[in-house]
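Taken verbatim from TrEMBL:
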DOMAIN    30-172  domain 'EXPERA'
TRANSMEM  96-120  transmembrane segment
TRANSMEM  152-173  transmembrane segment
Amino acid sequence: MPIEKQSWNGPIAAITATMKLARHTVLNIDEIGIASWYFFNILFTLVGPDVTSITQASNLLKARSPYPNWPPRAVIDLLVYYGVYYSPWSLRRPGWAVRIGMFNLFIAMPLYAVGCWMALINRPLSTFMVTMDAVLTLTCTLFQLSEQLRSHYSLVVLMVNLPWIIVPLAIIYRTIARPAPYKYALKTS
């Protein structure tokens, strides 16, 4: 049986094909940013401290009320300080703000979960889903800011809420600027 001469064309072609495939399966940096934003919002919605539940009147009146297990003591102190000195609105939440919290839990949360899942399985994000979430987040933030900006420290309140304005606007701009921003352009050669 003759020994065939091994050709280097095969391994080089395989490496080139693998690199082309990897270039198209790895998420873009902006998709990683959006997925990390969704993951942050999942944590903030699920286990994030709610100022109202932490600073209930009964807890504020008791001088020696014990700290709960979650969130950590430093987070509670920071939120109470922020609520008392900068945004008293967060200590007396109106009814529509509670509804926004429920909206975030039951409507926005599944969008965040789908966005994180799509990033984990290396699939492009849906343009409709990402745009809808950006518009909803921006709307809820502007509703809350319309009430919060009545305080004396409106600049501090605006700076705290700025990420929930900038990131949705960047997502909306990205969707408008490119015709299909969340789809991979697979080239066949």
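All positions are counted from 1 along the displayed chain.
Cβ atoms here come from the backbone N, Cα and C positions, even for glycine.
A Cβ distance under 8 Å defines the sequence-distant neighbours of the transmembrane segment (152-173), meaning residues of its chain 6+ beyond its ends; these are 34, 37, 82, 85-87, 130-131, 133-135, 137-138, 141-142, 144-145. A mean pLDDT of 75 is what the model gives for the domain 'EXPERA' (30-172).
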